[in-house]
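Scroll down for the structure; my scribbles are underneath it.
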(Lines of atoms letter the chains of each structure in order from A and count residues from 1; the text may use other names and numbers.)
(Lines give C-alpha, C1' and ligand atoms only; values in the text may rest on other atoms or scores of the structure.)
Protein backbone atom coordinates (compact mmCIF):
# COMPACT_ATOMS: atom_id res chain seq x y z
CA UNK A 1 0.00 0.00 0.00
CA UNK A 2 1.38 3.37 -1.04
CA UNK A 3 0.72 5.76 1.82
CA UNK A 4 2.53 8.65 0.17
CA UNK A 5 4.87 8.86 3.13
CA UNK A 6 8.46 7.81 2.55
CA UNK A 7 10.19 9.64 5.36
CA UNK A 8 8.83 11.19 8.55
CA UNK A 9 10.46 13.25 11.30
CA UNK A 10 9.09 12.32 14.72
CA UNK A 11 9.25 14.56 17.79
CA UNK A 12 10.77 11.93 20.07
CA UNK A 13 11.13 11.89 23.84
CA UNK A 14 11.72 8.22 24.53
CA UNK A 15 8.58 8.07 26.67
CA UNK A 16 5.77 5.56 26.28
CA UNK A 17 3.94 7.23 23.41
CA UNK A 18 6.83 8.12 21.12
CA UNK A 19 8.65 4.85 21.82
CA UNK A 20 5.62 2.96 20.54
CA UNK A 21 5.03 5.40 17.68
CA UNK A 22 8.41 4.68 16.05
CA UNK A 23 7.48 1.04 15.50
CA UNK A 24 3.86 1.92 14.67
CA UNK A 25 4.93 4.34 11.92
CA UNK A 26 7.12 1.69 10.33
CA UNK A 27 4.32 -0.91 10.47
CA UNK A 28 1.56 1.44 9.32
CA UNK A 29 3.25 3.64 6.72
CA UNK A 30 6.24 1.52 5.73
CA UNK A 31 8.32 4.66 5.98
CA UNK A 32 11.72 5.70 7.25
CA UNK A 33 11.50 7.28 10.70
CA UNK A 34 13.92 9.99 11.75
CA UNK A 35 13.67 10.79 15.45
CA UNK A 36 14.30 14.26 16.81
CA UNK A 37 14.86 14.98 20.48
CA UNK A 38 15.32 18.54 21.70
CA UNK A 39 17.39 19.16 24.79
CA UNK A 40 15.42 21.92 26.50
CA UNK A 41 16.74 21.07 29.94
CA UNK A 42 15.36 17.63 30.75
CA UNK A 43 18.82 16.33 31.80
CA UNK A 44 18.92 12.61 32.59
CA UNK A 45 15.84 11.93 30.45
CA UNK A 46 18.16 12.17 27.41
CA UNK A 47 20.50 9.44 28.61
CA UNK A 48 20.54 6.41 26.30
CA UNK A 49 18.08 8.04 23.92
CA UNK A 50 20.21 7.58 20.79
CA UNK A 51 20.66 3.84 21.31
CA UNK A 52 17.01 3.41 22.25
CA UNK A 53 15.69 5.22 19.15
CA UNK A 54 17.85 3.18 16.79
CA UNK A 55 16.98 -0.07 18.56
CA UNK A 56 13.29 0.78 18.29
CA UNK A 57 13.55 1.26 14.53
CA UNK A 58 14.52 4.86 13.77
CA UNK A 59 17.03 5.24 10.93
CA UNK A 60 18.73 8.09 12.74
CA UNK A 61 18.15 10.53 15.56
CA UNK A 62 18.90 14.20 16.00
CA UNK A 63 19.58 15.19 19.61
CA UNK A 64 20.09 18.94 19.71
CA UNK A 65 20.93 21.24 22.59
CA UNK A 66 18.32 24.00 22.39
CA UNK A 67 18.59 25.16 25.99
CA UNK A 68 20.03 28.61 25.26
CA UNK A 69 17.53 29.29 22.49
CA UNK A 70 14.68 28.09 24.70
CA UNK A 71 15.66 30.34 27.60
CA UNK A 72 16.56 33.37 25.47
CA UNK A 73 13.80 33.32 22.84
CA UNK A 74 10.89 31.70 24.64
CA UNK A 75 11.19 31.79 28.45
CA UNK A 76 12.61 35.32 28.71
CA UNK A 77 10.06 36.95 26.35
CA UNK A 78 7.27 35.42 28.45
CA UNK A 79 9.01 36.62 31.61
CA UNK A 80 9.21 40.15 30.21
CA UNK A 81 5.43 39.93 29.79
CA UNK A 82 4.92 38.51 33.32
CA UNK A 83 2.93 35.82 31.52
CA UNK A 84 0.93 33.54 33.79
CA UNK A 85 -2.05 31.38 32.78
CA UNK A 86 -5.16 31.46 34.95
CA UNK A 87 -3.18 33.26 37.64
CA UNK A 88 -1.10 30.18 38.43
CA UNK A 89 0.72 28.46 35.56
CA UNK A 90 4.01 29.88 34.24
CA UNK A 91 3.66 28.10 30.88
CA UNK A 92 6.62 25.72 31.04
CA UNK A 93 5.35 23.15 28.52
CA UNK A 94 3.48 25.74 26.45
CA UNK A 95 6.70 27.63 25.71
CA UNK A 96 8.77 24.56 24.80
CA UNK A 97 6.45 23.07 22.19
CA UNK A 98 6.76 25.85 19.56
CA UNK A 99 10.55 25.62 19.68
CA UNK A 100 10.53 21.83 19.32
CA UNK A 101 8.04 22.00 16.44
CA UNK A 102 10.02 24.76 14.71
CA UNK A 103 13.24 22.75 14.76
CA UNK A 104 11.35 19.64 13.70
CA UNK A 105 10.12 21.45 10.59
CA UNK A 106 13.65 22.63 9.83
CA UNK A 107 14.97 19.06 10.06
CA UNK A 108 12.14 17.82 7.83
CA UNK A 109 13.15 20.35 5.19
CA UNK A 110 16.82 19.40 5.42
CA UNK A 111 16.04 15.67 5.24
CA UNK A 112 13.49 15.98 2.45
CA UNK A 113 10.86 14.36 4.67
CA UNK A 114 7.25 14.01 3.54
CA UNK A 115 5.73 14.41 6.98
CA UNK A 116 6.18 15.33 10.61
CA UNK A 117 4.72 13.39 13.52
CA UNK A 118 4.09 13.98 17.22
CA UNK A 119 2.82 11.82 20.07
CA UNK A 120 0.46 14.25 21.77
CA UNK A 121 -2.98 12.85 22.55
CA UNK A 122 -6.18 14.05 20.92
CA UNK A 123 -7.44 15.32 24.27
CA UNK A 124 -4.67 17.69 25.23
CA UNK A 125 -3.12 21.03 24.41
CA UNK A 126 0.15 19.81 22.93
CA UNK A 127 -1.47 18.49 19.76
CA UNK A 128 -2.65 22.04 19.06
CA UNK A 129 0.71 23.62 19.89
CA UNK A 130 2.62 21.27 17.62
CA UNK A 131 0.24 21.44 14.70
CA UNK A 132 -0.36 25.19 14.76
CA UNK A 133 3.41 25.67 14.64
CA UNK A 134 3.81 23.18 11.78
CA UNK A 135 1.14 24.97 9.77
CA UNK A 136 2.46 28.44 10.56
CA UNK A 137 5.99 27.57 9.43
CA UNK A 138 5.40 24.97 6.69
CA UNK A 139 1.77 25.26 5.54
CA UNK A 140 1.75 22.28 3.18
CA UNK A 141 3.64 19.67 5.16
CA UNK A 142 1.80 16.46 6.00
CA UNK A 143 1.06 16.00 9.69
CA UNK A 144 0.72 12.57 11.26
CA UNK A 145 -0.93 12.88 14.64
CA UNK A 146 -0.76 9.31 15.89
CA UNK A 147 -3.57 9.45 18.44
CA UNK A 148 -5.94 10.90 15.82
CA UNK A 149 -4.81 8.64 12.97
CA UNK A 150 -7.50 6.15 11.79
CA UNK A 151 -4.83 3.43 11.82
CA UNK A 152 -4.02 3.99 15.50
CA UNK A 153 -5.48 0.95 17.24
CA UNK A 154 -4.46 1.71 20.83
CA UNK A 155 -7.33 2.60 23.15
CA UNK A 156 -5.36 3.17 26.33
CA UNK A 157 -1.92 3.27 27.85
CA UNK A 158 -2.39 -0.35 28.90
CA UNK A 159 -2.63 -1.27 25.21
CA UNK A 160 0.59 0.60 24.58
CA UNK A 161 2.37 -1.16 27.44
CA UNK A 162 1.29 -4.50 25.95
CA UNK A 163 2.59 -3.46 22.53
CA UNK A 164 5.89 -2.25 23.96
CA UNK A 165 6.40 -5.51 25.83
CA UNK A 166 5.57 -7.54 22.71
CA UNK A 167 8.15 -5.62 20.67
CA UNK A 168 10.76 -5.42 23.46
CA UNK A 169 10.60 -1.63 23.55
CA UNK A 170 12.29 -0.32 26.73
CA UNK A 171 10.27 2.22 28.70
CA UNK A 172 11.18 4.81 31.37
CA UNK A 173 8.02 4.14 33.43
CA UNK A 174 5.99 1.19 34.68
CA UNK A 175 2.35 0.15 34.79
CA UNK A 176 2.35 0.71 38.55
CA UNK A 177 3.70 4.24 38.32
CA UNK A 178 2.52 5.63 35.00
CA UNK A 179 2.85 9.34 35.70
CA UNK A 180 3.33 11.49 32.64
CA UNK A 181 6.10 14.03 33.23
CA UNK A 182 7.53 16.75 31.02
CA UNK A 183 10.68 18.59 32.03
CA UNK A 184 12.53 21.60 30.69
CA UNK A 185 14.54 24.55 32.01
CA UNK A 186 11.43 26.31 33.27
CA UNK A 187 9.55 23.50 34.97
CA UNK A 188 8.58 19.87 35.27
CA UNK A 189 4.94 18.85 34.98
CA UNK A 190 3.28 15.75 36.41
CA UNK A 191 -0.05 14.31 35.22
CA UNK A 192 -1.95 11.04 35.21
CA UNK A 193 -2.52 8.11 37.59
CA UNK A 194 -3.61 9.23 41.07
CA UNK A 195 -3.26 12.88 40.04
CA UNK A 196 -6.39 12.55 37.91
CA UNK A 197 -8.36 12.67 41.17
CA UNK A 198 -8.40 16.39 42.10
CA UNK A 199 -8.98 15.48 45.77
CA UNK A 200 -5.87 13.30 46.02
CA UNK A 201 -2.75 14.92 47.45
CA UNK A 202 0.26 14.47 45.15
CA UNK A 203 2.61 11.82 46.56
CA UNK A 204 5.94 13.27 47.62
CA UNK A 205 7.91 10.86 45.45
CA UNK A 206 6.74 12.48 42.21
CA UNK A 207 8.60 15.72 42.94
CA UNK A 208 11.93 15.96 41.17
CA UNK A 209 13.47 19.43 41.32
CA UNK A 210 12.06 20.90 44.53
CA UNK A 211 12.17 19.97 48.19
CA UNK A 212 8.99 20.10 50.19
CA UNK A 213 8.78 23.30 52.24
CA UNK A 214 8.93 21.16 55.39
CA UNK A 215 12.27 19.68 54.31
CA UNK A 216 13.76 23.00 53.17
CA UNK A 217 16.51 24.69 55.24
CA UNK A 218 15.56 26.42 58.48
CA UNK A 219 17.56 29.50 57.48
CA UNK A 220 16.60 31.75 54.56
CA UNK A 221 18.66 32.07 51.39
CA UNK A 222 19.19 35.50 49.85
CA UNK A 223 19.85 36.03 46.16
CA UNK A 224 20.31 39.21 44.12
CA UNK A 225 19.07 39.15 40.54
CA UNK A 226 20.25 41.69 37.96
CA UNK A 227 17.96 42.55 35.06
CA UNK A 228 18.66 44.38 31.80
CA UNK A 229 15.64 45.49 29.78
CA UNK A 230 13.48 42.90 31.49
CA UNK A 231 15.87 39.97 31.07
CA UNK A 232 17.67 38.39 34.05
CA UNK A 233 21.40 38.51 33.36
CA UNK A 234 23.21 37.83 36.66
CA UNK A 235 22.84 36.15 40.05
CA UNK A 236 24.70 37.66 42.99
CA UNK A 237 26.77 39.74 40.58
CA UNK A 238 27.90 36.82 38.41
CA UNK A 239 26.77 37.16 34.78
CA UNK A 240 25.39 33.96 33.30
CA UNK A 241 23.99 32.84 29.97
CA UNK A 242 20.19 32.52 29.88
CA UNK A 243 20.23 28.72 30.23
CA UNK A 244 22.92 28.71 32.92
CA UNK A 245 21.00 31.33 34.89
CA UNK A 246 17.80 29.28 34.71
CA UNK A 247 19.62 26.13 35.86
CA UNK A 248 21.28 27.86 38.81
CA UNK A 249 18.08 29.63 39.82
CA UNK A 250 16.25 26.29 39.75
CA UNK A 251 18.86 24.77 42.05
CA UNK A 252 18.71 27.65 44.54
CA UNK A 253 14.93 27.98 44.60
CA UNK A 254 14.23 24.24 44.49
CA UNK A 255 16.44 23.70 47.53
CA UNK A 256 14.19 26.15 49.40
CA UNK A 257 10.93 24.42 48.53
CA UNK A 258 9.77 27.06 46.05
CA UNK A 259 7.65 26.67 42.94
CA UNK A 260 5.24 23.82 43.58
CA UNK A 261 1.83 24.33 42.00
CA UNK A 262 -1.22 22.06 42.03
CA UNK A 263 -3.96 23.32 39.74
CA UNK A 264 -7.01 22.37 37.73
CA UNK A 265 -6.71 24.23 34.46
CA UNK A 266 -8.90 24.82 31.44
CA UNK A 267 -7.47 23.14 28.38
CA UNK A 268 -7.88 24.82 25.00
CA UNK A 269 -9.88 21.83 23.72
CA UNK A 270 -12.60 22.50 26.30
CA UNK A 271 -12.04 20.13 29.22
CA UNK A 272 -10.46 20.66 32.60
CA UNK A 273 -7.32 18.81 33.67
CA UNK A 274 -5.29 18.58 36.84
CA UNK A 275 -1.58 19.27 36.67
CA UNK A 276 1.13 19.37 39.31
CA UNK A 277 4.07 21.59 38.44
CA UNK A 278 7.48 22.41 39.83
CA UNK A 279 8.72 25.81 38.64
CA UNK A 280 11.30 26.88 41.24
CA UNK A 281 13.52 29.30 39.35
CA UNK A 282 10.74 30.74 37.24
CA UNK A 283 8.64 31.52 40.31
CA UNK A 284 11.44 33.60 41.82
CA UNK A 285 12.29 35.36 38.56
CA UNK A 286 8.63 36.21 37.94
CA UNK A 287 8.28 37.82 41.38
CA UNK A 288 11.60 39.65 41.06
CA UNK A 289 10.74 41.01 37.62
CA UNK A 290 7.43 42.41 38.85
CA UNK A 291 9.20 44.01 41.79
CA UNK A 292 11.65 45.75 39.46
CA UNK A 293 8.83 47.03 37.29
CA UNK A 294 7.18 48.55 40.35
CA UNK A 295 10.12 50.97 40.38
CA UNK A 296 10.61 51.63 36.69
CA UNK A 297 7.24 51.39 34.95
CA UNK A 298 4.76 54.24 34.60
CA UNK A 299 1.41 53.56 36.26
CA UNK A 300 -0.74 53.83 33.13
CA UNK A 301 1.69 51.74 31.10
CA UNK A 302 1.58 49.11 33.83
CA UNK A 303 -2.22 49.09 33.89
CA UNK A 304 -2.33 48.62 30.13
CA UNK A 305 0.36 45.93 30.15
CA UNK A 306 -1.27 44.07 33.04
CA UNK A 307 -4.54 43.98 31.13
CA UNK A 308 -2.71 42.13 28.35
CA UNK A 309 -1.09 39.46 30.55
CA UNK A 310 -4.08 37.08 30.34
CA UNK A 311 -4.19 37.48 26.55
CA UNK A 312 -0.45 36.85 26.18
CA UNK A 313 -0.68 33.77 28.40
CA UNK A 314 -3.72 32.50 26.54
CA UNK A 315 -2.00 32.83 23.17
CA UNK A 316 1.08 30.99 24.42
CA UNK A 317 -0.97 28.31 26.19
CA UNK A 318 -3.18 27.71 23.17
CA UNK A 319 -0.26 27.37 20.75
CA UNK A 320 -0.38 30.67 18.86
CA UNK A 321 3.29 31.54 19.45
CA UNK A 322 3.87 32.27 15.75
CA UNK A 323 0.59 34.11 15.18
CA UNK A 324 0.71 37.74 13.98
CA UNK A 325 -1.16 38.97 17.05
CA UNK A 326 1.50 37.39 19.27
CA UNK A 327 4.25 39.15 17.33
CA UNK A 328 2.47 42.48 17.75
CA UNK A 329 1.85 41.86 21.44
CA UNK A 330 5.49 40.95 22.08
CA UNK A 331 6.61 44.15 20.37
CA UNK A 332 4.40 46.19 22.69
CA UNK A 333 5.63 44.28 25.75
CA UNK A 334 9.26 44.81 24.79
CA UNK A 335 8.67 48.54 24.41
CA UNK A 336 7.62 48.61 28.07
CA UNK A 337 10.84 46.88 29.10
CA UNK A 338 13.39 49.40 27.85
CA UNK A 339 14.00 50.73 31.37
CA UNK A 340 13.37 47.49 33.27
CA UNK A 341 17.00 47.43 34.37
CA UNK A 342 18.17 47.05 37.94
CA UNK A 343 18.67 44.63 40.81
CA UNK A 344 16.17 42.83 43.03
CA UNK A 345 17.07 41.09 46.28
CA UNK A 346 14.97 38.02 47.12
CA UNK A 347 14.61 36.11 50.38
CA UNK A 348 13.82 32.43 49.87
CA UNK A 349 12.46 30.49 52.81
CA UNK A 350 10.46 27.27 53.04
CA UNK A 351 8.40 27.71 49.89
CA UNK A 352 8.20 31.50 50.09
CA UNK A 353 9.76 33.86 47.58
CA UNK A 354 9.88 37.28 49.23
CA UNK A 355 11.03 40.57 47.71
CA UNK A 356 13.21 42.40 50.25
CA UNK A 357 14.96 44.99 48.10
CA UNK A 358 14.98 46.59 44.67
CA UNK A 359 16.98 49.34 42.94
CA UNK A 360 17.30 50.76 39.44
CA UNK A 361 19.06 53.65 37.70
CA UNK A 362 15.68 54.31 36.04
CA UNK A 363 13.63 54.25 39.23
CA UNK A 364 10.57 56.50 39.25
CA UNK A 365 10.33 56.18 43.01
CA UNK A 366 11.31 59.33 44.94
CA UNK A 367 11.73 59.39 48.68
CA UNK A 368 11.22 63.16 48.55
CA UNK A 369 7.68 62.65 47.27
CA UNK A 370 6.78 59.48 49.15
CA UNK A 371 8.02 60.34 52.64
CA UNK A 372 5.61 60.67 55.56
CA UNK A 373 7.94 63.25 57.03
CA UNK A 374 7.89 66.95 56.20
CA UNK A 375 8.81 67.58 52.59
CA UNK A 376 9.32 70.54 50.24
CA UNK A 377 8.05 69.05 46.98
CA UNK A 378 4.43 68.13 47.63
CA UNK A 379 1.73 70.45 48.93
CA UNK A 380 -0.88 68.22 50.53
CA UNK A 381 -3.53 70.93 50.11
CA UNK A 382 -3.36 70.29 46.34
CA UNK A 383 -5.03 66.94 46.93
CA UNK A 384 -8.30 68.64 47.90
CA UNK A 385 -9.15 69.78 44.38
CA UNK A 386 -7.91 66.50 42.90
CA UNK A 387 -10.29 64.52 45.09
CA UNK A 388 -13.26 66.86 44.48
CA UNK A 389 -12.85 66.56 40.70
CA UNK A 390 -12.64 62.77 40.89
CA UNK A 391 -15.71 62.72 43.14
CA UNK A 392 -17.79 64.89 40.80
CA UNK A 393 -19.57 62.01 39.04
CA UNK A 394 -20.19 60.32 42.39
CA UNK A 395 -21.75 63.48 43.82
CA UNK A 396 -23.94 63.96 40.74
CA UNK A 397 -25.14 60.35 40.93
CA UNK A 398 -25.98 60.79 44.62
CA UNK A 399 -27.92 63.99 43.91
CA UNK A 400 -30.06 62.23 41.29
CA UNK A 401 -31.13 59.37 43.56
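Numbers here mean position along the shown chain, with the first residue as 1.
Quick reminder: no glycine exception, Cβ is built from N, Cα and C everywhere.
Listed features, source Swiss-Prot:
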| type | residues | note |
| --- | --- | --- |
| BINDING | 11, 12, 13, 14, 15, 16, 17, 18, 19, 38, 119 | ATP binding site |
| BINDING | 89, 94, 125, 129, 180, 189, 265, 277 | L-citrulline binding site |
| BINDING | 121, 125, 126 | L-aspartate binding site |
Assigned element (helix, strand, coil) containing residue 121 (L-aspartate binding site), judged by DSSP: coil
Maximum Cα-Cα separation in Å among residues 89, 94, 125, 129, 180, 189, 265, 277, which the record lists as binding L-citrulline: 19
Greatest C-beta neighbour count within 10 angstroms, which of the binding-site residues 13, 189: 13
For the binding-site residues 94, 125, 180, the one whose C-beta sees the most other C-beta atoms within 10 angstroms: 94
Environment of 121, 125, 126, the listed L-aspartate site - residues of the same chain whose CB lies within 8 A of the CB centroid: 120, 123, 124, 127, 128, 129, 267
Integer Å distance between the CA atoms belonging to residue 277 (L-citrulline binding site) and residue 17 (ATP binding site): 21
Most crowded position, judged by CB atoms within 10 A, among 15, 119 as binding-site residues: 119
Closest of 15, 119, 121, 126 to residue 94 (L-citrulline binding site), Cα positions, binding-site residues only: 126
